[in-house]
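Some features that Swiss-Prot has for this protein:
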ACT_SITE  E95  active site, proton acceptor
DOMAIN    101-345  domain 'Radical SAM core'
DISULFID  C108-C350  disulfide bond
BINDING   C115, C119, C122  [4Fe-4S] cluster binding site
BINDING   G176, E177, S208, S230, L231, H232, N307  S-adenosyl-L-methionine binding site
ACT_SITE  C350  active site, S-methylcysteine intermediate
Amino acid sequence: MTSETSVNLLDFDAEGLVAYCGSLGEKPFRAKQLQRWIHQYNAGDFDGMTDLAKSLREKLKGRASIVMPEIASDHVSTDGTRKWLIDVGNGNAVETVFIPEETRGTLCVSSQAGCAVNCRFCSTGKQGFSRNLSTAEIIGQLRMAEFALRASLGRAPGPNGKAERVVTNVVMMGMGEPLLNYNAVVPAMRLMLDDNAYGLSRRRVTLSTSGVVPMMDRLGAELPVALAVSLHAPNDALRDELVPLNKKHPLRELMAACQRYLKVAPRDFITFEYCMLDGVNDTEAHARELLAVTRDVPCKFNLIPFNPFPESGLIRSKPEQIKRFAQVLIDAGVVTTVRKTRGDDIDAACGQLAGAVKDRTRLAERTGAAAKIIEVRAI
């Protein structure tokens with residue numbers, strides 16, 4: 001039985017767990033054993049950790065715990081997308097979304113309850129900011145999803161044979177701005193990359209930021225993973241309106257930070273995300289302006305059809321306009337994709353990550369028609 005003041009071991013990356021074991025008078029290799037039990041074998045208590053000395057297990061039972069986030073709901077979309085609503089206490093909830101594809105499984109992870117950036121097109125921002133998530137609450141989303149998915153597929157973990165993982169990619173693109181919760185996000189990502197935990201490569205962990213320039217530089221120095229930048233506008237005047245953070249870190253400063261990041265990044269390009277808003281940022285002239293502002297940054301574009309919500313006052317760009325916009329970028333030789341909408345029926349699509357969902361109206365009813373979303377790729 002653990003005490004009310006016990007340490008949650010999910011809050012520790014490898015270095016932190018070594019230090020904690022050291023405080024108990026244990027050698028560093030015990031931390032690796034413990035980490036494998038927690039993150040690879042899904043151990044929920046210490047008694048079953050049979051290769052740990054009994055004396056250590058007794059110490060841990062009195063001083064430590066493995067506390068997972070509480071699942072409030074679990075929904076599966078008709079397209080296979082799975083969304084968990086996670087209760088993080090005091091009326092706050094965050095969401096975790098798994099997107100299955102033929103060759104990979106991507107988990108979208110939240111970093112904050114709410115968001116302070118308040119992008120005009122994002123329903124999460126309309127909730128306002130509640131608090132940062134802890135490292136345990138962030139890595140707990142991956143642990144929860146990985147083992148829930150393994151269980152549904154009959155892939156039981158265990159020390160006698162590590163099961164093939166289901167989550168192959170993680171994107172820090174859920175609720176919140178990850179770089180505004182840097183001190184909790186980075187240890188969680190270290191665990192994602194650690195071979196004694198989840199063993200993902202840096203190319204398979206992507207952090208998405210709205211452009212917190214000083215923290216982009218710090219991330220590049222300390223833990224460069226794949227980077228996506230929420231751009232959404234080709235000039236400062238429009239981006240000031242859509243992404244208020246731009247007033248603090250305008251496009252010239254942001255593009256320079258992207259160039260610096262690429263010197264250490266695991267990929268040789270930045271992904272620029274661009275939410276397609278009808279009559280706001282979606283003309284061919286906007287596309288040409290976008291090419292000009294990003295010309296010195298090796299990049300690819302991910303165009304995101306807007307997911308309407310009542311408070312936004314915005315409309316999704318028409319499919320034919322998205323195609324024309326994309327073609328301008330492709331003709332300039334830039335790899336461009338149009339994100340396929342996934343999980344609309346369970347409000348799991350990009351921009352719909354709001355714990356307190358006020359409007360459960362079907363997306364097709366909001367947009368007037370269920371538009372067929374195209375995907376365009378450079379050849």
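Every residue, even glycine, has its Cβ placed from backbone N, Cα and C.
Counting only the Cα atoms, the space from S208 (S-adenosyl-L-methionine binding site) to the residue listed as 'active site, proton acceptor' is about 16 angstrom. Within the model, the domain 'Radical SAM core' (101-345) carries an average pLDDT of 94. Pairwise Cα distances among G176, E177, S208, S230, L231, H232, N307, which the record gives as the binders of S-adenosyl-L-methionine, peak at 19 Å.
There are 25 other Cβ atoms within 10 Å of the Cβ belonging to N307 (S-adenosyl-L-methionine binding site). Neighbour list (E177 (S-adenosyl-L-methionine binding site), Cβ cut-off 8 Å, at least 6 residues apart, same chain): S111, Q112, C115, A116, V117, T209, S210, V212, L245. Of the recorded residues, the residue listed as 'active site, proton acceptor' and C108 (disulfide bond) place their C-alpha atoms 9 Å from one another. Annotation for L231 (S-adenosyl-L-methionine binding site): same-chain Cβ neighbours under 8 Å, separated by at least 6 residues, are R239, F272, E273, Y274, L290, T294. Each residue contributes its Cα atom, and for H232 (S-adenosyl-L-methionine binding site) and C108 (disulfide bond) those atoms are 20 Å apart. Considering only the binding-site residues C119, C122, G176, S230, N307, the residue whose Cα is spatially closest to the Cα of C108 (disulfide bond) is G176.
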